[in-house]
Ligand code: A2P
């Protein structure tokens, strides 16, 4: 019988944590036990996974004794504090926050793109930013074929990326506006309903937001190529689930739109949806709940020699977070890496 693992889900009551439990169940992840962890506010609450009703436990320093794999999605501060404690206890951490992504000791992994980076893990593996993951899945096969020199990306990001409270804020604002009541903005600095906010995460000294700089820096680390130049504009839009991206790339070698379609048609984790004459192209409402990253509107950029435009859409909570995290854990098992060296 193949080995089963004790798995802790840290942040099990949150938007991503709930999806992690769902993905563990859907993929029949080999768990001998699942331990849902959250704050003291949620201790005693019940969650379900793999046919069992599980009682949420308060996260403490002792939570990881006897745990093989911990999936973290409880925010950066919790990851910063508890991931090293978990690794110290011999538990391999796959962390969905930004806390460890740029740490040179921590691999930053999209399993379809750079699974080999798991081989040098030291106990903590970082799950990339949601917008970066879907872009990597689509760009890796193109980079391998024609070497991408520059990426210009604009994102249209769903509120679920901010967490459960932001989902509720959009719902409440829509309801209030439709019944003529004034809106309350709490999670976001401005009304998000029927609006677009060119502001995700905090502003940095260079005028970009932290989210935009994540896309720049994480792309270089995941692709393992310091020469790829990325510039990003990240926008929060009133969509519940599914991030969309307009991506323009410049490659060293010439690729036609048909070449790109052919490359992506055989790429793992990608579905090409590109029949504009039939009004078929990727949309957030269709990508929601799906595992694949959808690519369409593939066309040559007529303003430069080797340029391609495309539209990339994926479920930010699944491939952008919970699914990618579980796929990392599955790849660790496949490569016999569920141990802290
Ligand atoms: P809780 O529900 O008990 O607050 P989201 O990203 O959807 O906002 O979810 C955040 C997740 O992180 C939730 O499961 C939340 O648990 C958890 N969390 C927040 N603060 C803590 C904390 N101090 N200790 C453990 N878990 C926490």
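All positions are counted from 1 along the displayed chain.
Glycine is no exception: its Cβ is also placed from the backbone N, Cα and C atoms.
Site annotation (TrEMBL, ligand NADP(+)) includes 13, 14, 15, 16, 41, 42, 160, 161; from 316, 324, the additional listed residue is 316. Broken down by DSSP into helix, strand and coil, the domain 'Semialdehyde dehydrogenase NAD-binding' (6-121) contains 34 helix, 32 strand, 50 coil. Residue 157 (substrate binding site) and residue 243 (active site, proton acceptor) have their C-alpha atoms 4 Å apart, to the nearest angstrom.
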